[in-house]
């Protein structure tokens, strides 16, 4: 059981200006992290950020804290989260820090860490950082203070890494692709990767101004992408979230292709190429259609708790190399160490190019069950709505009605005061009615 006070499932996150996302807290966080990480012998930390205006302020605070602890900061500028993981490994830095709130609005921000090998920090290290934060800040001797510098052509390094995950014998020259970068960290990366691999690229969501990240664009809102794909008669569309660790796709008919379908395509192609090792890891939210489709292919499937760190833990536990969330986090351990939207998207494009098949046709072997998700906001500290007898009773009624051909899942968000109500089954109208019935019970608590 974790005793972490500040760190959630994806680092520390909140509204800018409210605790804990304040300059003084982040400065002390940088100092505490520096004290803990310096014990391991390294004196440099990679710092990247997305395109939020608050990133400048938080970047400066982190730098000051790290310097006081005697560690130097290497800045990447706006850079996707998986790029920071990659650069942390290649620079042999003690850790990487990403300033981002991922898919959240611009007024939120957060801090998350990568270890020296490009994976999320273990709980024990996060707990050690929190323990250090209880102490008074002390500064190292002046001669031992950390410095700050910028990495030359960090974007170019990451672009070449992404391209190297795409087979040399294939090309994207026959594809017209609309790419939506959510006005986020991939805006100067993804279009260039696709163009350099030969694609005809139409870019949207590539004009960040500090306050428009994820605003009606990107992986969490694909309506603009769907409209543009149809208007341009493109072969497909690819959307990333604000920090580039999620990918959602759209086929030539405007149909959304989520993380479950993306993992199905990649796993099936890996099986065909004789490169799939073991099975695939999804989450409690993964569609039943994915589980059934993989079963038909003879590919083992396991569910982890929701959250990419838990998907990775389950992958490591089983020794498997592919895992995903339906939200678009896709982890391919044969390619990289964390969820990477661009790399995952490239593997789907490789399957299209190799088999001369459309994205729509690649998805045809998997029948998606209707899955309705309703988010219900609750007041933190007012008790657990999921433990209320009325909520349990309604959930039990719905589960009984669905039987073996459906599922009910209620869970708390790891980053916001939300209860997520998910109901899945074969009849969309019935599933929708059931989901709202449970959501109403949660609201009434």
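We number each residue from 1, going along the chain as drawn.
Using the three backbone atoms N, Cα and C, a Cβ is placed for every residue, glycine included.
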Query - Residue among 102, 115, 364, 390 sharing the Mg(2+) site, where Swiss-Prot lists 241, 243, 245 as binders - result: 102
**Report entry** Count of other CB atoms lying within 10 Å of the CB belonging to residue 241 (Mg(2+) binding site)
**Finding:** 33
Report summary line: Counting only residues outside 102, 241, 243, 245 in the same chain, those with C-beta within 8 angstroms of the Mg(2+) site's C-beta centroid are 50, 80, 81, 100, 103, 184, 185, 219, 240, 242, 244, 246, 341
Query raised in the report: Looking only at 102, 243, which of these binding-site residues has the biggest number of Cβ atoms within 10 Å around its Cβ?
Result: 243
Report summary line: For residue 245 (Mg(2+) binding site), the nonlocal same-chain Cβ neighbours (under 8 Å, six or more residues apart) come out as 80, 81, 82, 102, 308, 329, 338, 339, 340, 341
